[in-house]
């Protein structure tokens, strides 16, 4: 396939749709930003796409809890379509609010499990924070990013509810053993560390996880905010690179879709 | 009838909100609290069974990983035994954004209820008296203006019933009123109309031989409010024997007119000024104030201030897309002792925190980066804080003009109308006093950003499909102002009963003047009605036809077929009598300090770095999403550890284009105490030099003015306003930078039983510049050991109003002045050097002068500096080290240049004053040698940074 098609969901309070669209377009995809009402009215339209993305934002104000109301819309109205989508080897990416929704809808860490197993809860600091973080790529499981390609990347986070925790130790062990932990917060030397490097206080510094197939990725940091080299917070010191560190995630997804469809 | 669901964190998990509240309480002076846990309470109205309640809790309200819930009746309160329990919820009628979201979510899972509201229940442990709990509840946890507080065992009761409204047309007996009665009518109705205005209204009604209805009088009061017509700026002022007929046209607007810049697309007429950007888009920019609401309810005031200025951009031309927010605040001193706080006023720290939270929650939810701002502290803002909210927008070139036509339908879209925000426009035009909070509580509102975001998303589509002819925001004065303004040259007919309401019980007048948030008014041609309504419906945004524009230049208001108001547009918009006022100004004389020129100024430097105005604002900046939309090029925090104080922000609104805009601001009220003319000049110079510091140029810079003054009925306050406005003209002309929009907020005074606290005259200058290639941007952190460090510009003995004097308790008299002829040459030279990439880092000298600017560059870059004051270019000879270190002379920059660029750089600056101060060194030591070559500052950069970061590490 020459030009894979990406659909980005949007609803009241979505706000990172434009830059996510830009990132996928730079990576060579055709992108439609679709209001969730449009999709609900015609669920079959999902079939036309190879990559589905839930972008960042504050869907429905993050009222009740971050991403929860969108998670319910997905869980109770789109579960079947999205499951089929994944079964057809297609890709799903949830960034920030999108990750929160995927986790709360039970699509991560494993959509075959009946109940919600992980969550993103309030930062230990009880504050929304915007800052840049170092992320260690910990696994080769994900289609989007592999530790064989790159070891540490630098991206911004901007959230108040980003502390990753699991239902219990068993879930944590399972996703760790299964290499589903894709990104961990680290310090500038690549070591796991506490605040402010692990900004919310996530268990085991977890910043992003995959499903068992490697086709679904949820991550709190914003790769779409580090595409252009001028987005780097200290490019005036270190000079301009060709691409920002986030680009790889979009490029890999589009390459995969080109190769497989 | 209602049920309660209480949601709370599992005991083994931390409760972040509870912990934060506990620290707040301790900081406030109640150290006895050992633990606070918070329960989120959902009050579910309607006949809902236990099973459904369980489903609601499990499926929606609870995060099963972290939380438990209880469906509580009051028998369960036994569980609260052993804690102090405080429950707080918003008063009936106050916006609770969670309500709408929960109702939507419940529809998704197929459960229907009558309504929902939320409360927070605080379980507080510790040995506290009942009085202490009462104080904690009302002074830390709740704002009783908008919230109800229940301290258990008092039982919360949420059965408020509904208020019904039965129609009765009200008239106001005006025709035969004498002067005293006229003034009483104005005061009683909170109309803020003066006697000459009341008499003009009386004369009009005498002509048409009837009394006005209440809604007519309200409409006139809204339209004629200072907030809406700027009657002081447009009035007649006698100043020093000279008559100024319309200060605005004779100063600020005159500069724009004379400069005749071809890139000014729309100035001083729309909701924002518009300038050219590229071949497809223009840029629009507006800055508003929201001072009085923020004094009474800091969170809601700031929240709706942001929401309001965003709507200004949405209502500019046919609608701009907001791309940047800038927020500037003035507060009282955050560590003011509690016993020094006047009655009826929140502590400045609480105002500060509330305002920041309000800006954060609205801006972040809207997905607009808040990437620029400033905070200024002075004890005179204690009763009357200032909150400036600005938004920049991007608008297609062919969408900048708008015009409603006769026959167009009037559509109100977005949020519903409620009793919130009645009398905001007239309230903001009066002084605050101890009882303001009680009388004007209705003027306070909470925003719902998601309603506005959904409205924005759908509006931009409607704009691009050409579905409406005209648009404006519902701001101050509500529908009254919006419809009145749009129909000014046409006439309009409105059916008030069609306006969708949040709840029953509003009178026709309340509907007409409510300032409920998140509403826009559109003029829709009848043939586009269907498409427009369908589009809005498809994204769950409410849009309702409430009337139509006519062509007889009469405003007619109906309520269920009763004619309740009928006013000629000409009288409404042109009938206001001109204000005539006298103004004077006398230069005050302050004590001139005689401070010793010491051997070591390290302690002074650290004290200045730690002062509230200069210290790091990272605590604030990080709470704002300043990177959403992906456009940031120079962020507000810069340097080795992303924590240095940037000068201006640079963004590329069109990703990948390489072109961008620079946004900056300048303000220094401290100079205004000495001389408002030089204060205004300095504010413009500061805004411009920040643009130059980041690599911009004066080529295309547009300015905005925001005047916040005391009561200008008093001649001295008005005199200082006139002087500041005259400086705006002079300096704008000299720099070639036109004003494109502005706003004034007068009567910023707070009256206690003892005294009147007048704010210092405060002029905020905001600037937006176009940058052709953002890759030429320069940050302020020093980059490389071995680089040369220059000071550019002329240092004069100008310590009047400086921070150096401030930390020693003085004001002085020799305030910084602006030599804009020289200033322009300096700025142009630096722009040229930046465009040739000769500048490695650059920082403007503002508060704290050379020493502070250089120190900030050093600790932000992680290297030391060795500088020598003998190299500073001065006017005349300056023989004091402290003057050289801390003078705040305008148009000065500290610049880092690589040694290999020395010749080229000096070739560019050779005709302007400059001095080669020294070098960047690898050792983390900041050393400045004095005139006798002995070090007068010799400090570790880490100690300097710590002094700068410590105060606001909250």
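For all residues, glycine too, the Cβ spot is worked out from N, Cα and C.
A TrEMBL annotation is a machine prediction, not a hand-curated record.
TrEMBL lists B:705, B:742 as binding ATP, and of B:286, B:321, B:340 the one it places in that same site is B:286.
Summarising model confidence by region, the domain 'PurM-like C-terminal' (B:405-559) averages a pLDDT of 89. Considering only the recorded positions B:227, B:286, B:445, B:705, B:742, the residues lying within 10 A of residue B:312 (Mg(2+) 2 binding site) on a C-alpha to C-alpha basis are B:286. Counting residues of the domain 'PurM-like N-terminal' (B:647-746) by DSSP class, helix then strand then coil, yields 43 helix, 25 strand, 32 coil.
For residue B:311 (substrate binding site), the nearest neighbour among the listed recorded positions (B:227, B:288, B:473, B:705, B:742), judged by C-alpha distance, is B:473.
Taking the mean position of the Cβ atoms of B:286, B:705, B:742 as the ATP site, the remaining same-chain residues with a Cβ inside 8 Å of that point are B:273, B:287, B:704, B:706, B:739, B:740, B:741, B:743, B:766.
Here residue B:227 (active site) is positioned 11 angstrom away from residue B:288 (Mg(2+) 1 binding site), judged by their C-alpha atoms.
With a cut-off of 8 Å between CB atoms and residues at least 6 apart in sequence, the same chain places B:252, B:728, B:739, B:742, B:743, B:763, B:764, B:765 near residue B:705 (ATP binding site), listed in sequence order.
Among B:270-395, B:405-559, B:647-746, B:784-926, B:405-559 has the largest number of CB pairs under 8 A with the domain 'Phosphoribosylformylglycinamidine synthase linker' (B:182-231). Pairs of Cβ atoms less than 8 Å apart link the domain 'PurM-like N-terminal' (B:647-746) most often to B:784-926, out of B:270-395, B:405-559, B:784-926. The shortest Cα-Cα distance between residue B:227 (active site) and any of the binding-site residues B:286, B:473, B:745 is the one to B:745. A gap of 16 Å separates the Cα atoms of residue B:473 (Mg(2+) 2 binding site) and residue B:445 (substrate binding site). If you draw a 10 Å sphere around the CB of residue B:445 (substrate binding site), it holds 26 other CB atoms from the protein chains shown. Here the binding residues for ATP are B:286, B:705, B:742. Their largest Cα to Cα distance works out to 10 Å.
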